[in-house]
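The block underneath contains the structure these notes are about, expressed in C-alpha cells.
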Amino acid sequence: MLPLDFTINLNLFFSLAILVYRVFRNEAKKHVKLLHGIIHLLALIISIVGIVAVFDFHRAAKIPDMYSLHSWCGMATVILFCLQWVLGLMFFLFPVASSWLRATYLPIHVFSGLTLLVMAIGTSLLGITEKLLFSITYVAHCLLLCIRSDWRSVLTSVC
C-alpha cells in the first residue's frame, strides 16, 4: 500500500462519509446512516491494512516504528477513528442506548467526526512534509558536497 493510498483513503472517505450524511437529507435516515457507516467501515479496513503494511515495510527495511510526529499522530487518528466508529455503530446504526443518551451523544459524535477529519488532514500534511524533508535532506547533502568540492578547487587554484 502506498502512502498516497493512505492519504486518499482517510481524507477522501472521511469527507465522503460526512458529505453523504449532509447531502442526502431527504432520504430515509436508516439508509443514509447505513451508507455513512459502510463508507467509514471501508476507510477503517483500508486504514488497518495500511498500518499493517507500514509496520511490515519498516520491519523488512529495519526502520524503527513510531519514530516521528507523523506516525504518532497517524496512530492516534486511527485509534480514535476506531473508537468513533464503534460508538457510532452502538449509538446510531444499531442503537443500544436510550433516545435521550443518543440525543446527548449526537453533538459529540459530530464534533469528534469533524475533529478526526482535521486530524487526518493534518497527519497527511505531516507525512508529506516528512517525505519532502527526507528528500530535501538528501538533495541538500549532495549540493553541499558539490559546493565543498567547488570551494576546494577554487582555493587550490588561487593558492
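Cβ atoms are placed via backbone N, Cα and C, with glycine included.
These numbers come from a predicted model, not from an experiment.
Per TrEMBL, domain 'Cytochrome b561' is recorded for 1-159. If you look up TrEMBL, you'll see 6-24, 36-57, 69-94, 106-126 marked as transmembrane segment.
Here the transmembrane segment (36-57) has Cβ contacts under 8 Å with residues 1, 5-6, 9-10, 13-14, 16-17, 20-21, 63, 65, 74-75, 78, 81-82, 85, 88-89, 93 of the same chain, all six or more residues outside its ends. Regional average pLDDT for the domain 'Cytochrome b561' (1-159) in the model is 84.
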